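Visitor: Supplied in structure tokens, the structure appears directly below.
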Amino acid sequence: MKIAIYPGSFDPVTNGHIDIIQRGRHLFDKIIVSILLNPGKKALFSLDERLDMLTESLKDIDGVEVDSFAGLLIDYAERKNAKAILRGMRAVSDFEYEFQMALMNRRLNRDIQTVFLMTGMRWIYTSSSIIKEAATFGGDISGMVPAIVEKKLEEKIGYVVNHKKAED
């Protein structure tokens, strides 16, 4: 079985993340979507909230497991018998960091490959940080996040749309 790990903070999960997962399923038998516990990052949502949002958002996609981990990604991938790390790239600006991480992971374990998928054009500008900022100021984020995320943002920060949606 070809298993890939798709790591991230998913604070919150976006439709761009889901696009990468759906396309990754064409390449792998199983994708483990795993939240990295990073004490250096201040998350808006708790680990449990992020796990719940991911589980709800991915419930209709077969071959996907939701999990979390702390420590080195490559060690986690070994424990899960994964042969690949799946990463999405939005723009050239993502490349340098992702390339360095891929090289380090390859140095630590040559048997685990990093596979990059370019984000679909529809999601190229989307990131969890931008979503949170837009929601904070009442920007319309519908269609950019799963319904459960929109609901949780409303509960967490009082997200209410106060701007008209622009045409795509």
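Every residue gets a Cβ built from N, Cα and C, even glycine.
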Visitor: Going by Swiss-Prot, SER9, PHE10, GLY88, MET89, ARG90, GLU98, TRP123, ILE124, TYR125, THR126, SER127, SER128, SER129 bind ATP; tell me which of HIS17, HIS26 is listed for that site too.
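Guide: So the ATP site in Swiss-Prot includes SER9, PHE10, GLY88, MET89, ARG90, GLU98, TRP123, ILE124, TYR125, THR126, SER127, SER128, SER129 plus, from the candidates HIS17, HIS26, HIS17.
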Visitor: Between ILE124 (ATP binding site) and LYS41 (substrate binding site), what C-alpha distance do you get in Å?
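Guide: Cα-Cα distance, ILE124 (ATP binding site) to LYS41 (substrate binding site): 23 Å.
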Visitor: Which Cβ among the binding-site residues (HIS17, LYS41, ARG87) has the fewest C-beta neighbours inside 10 Å?
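Guide: Comparing Cβ neighbour counts within 10 Å for the binding-site residues HIS17, LYS41, ARG87 gives LYS41.
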Visitor: Fewest neighbouring Cβ atoms within 10 Å: which of the binding-site residues LEU73, MET89, ILE124?
Guide: ILE124
Visitor: Around SER9 (ATP binding site), how many other CB atoms lie within 10 A of its CB?
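Guide: If we count other Cβ atoms within 10 Å of SER9 (ATP binding site), we arrive at 17.
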Visitor: CB neighbours of SER128 (ATP binding site) within 10 A?
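Guide: There are 22 such Cβ atoms around SER128 (ATP binding site).
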Visitor: Given the binding-site residues LYS41, LEU73, ARG87, which one's Cα is the least distant from that of SER9 (ATP binding site)?
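Guide: Sorting the binding-site residues by distance from SER9 (ATP binding site), the top entry is LYS41.
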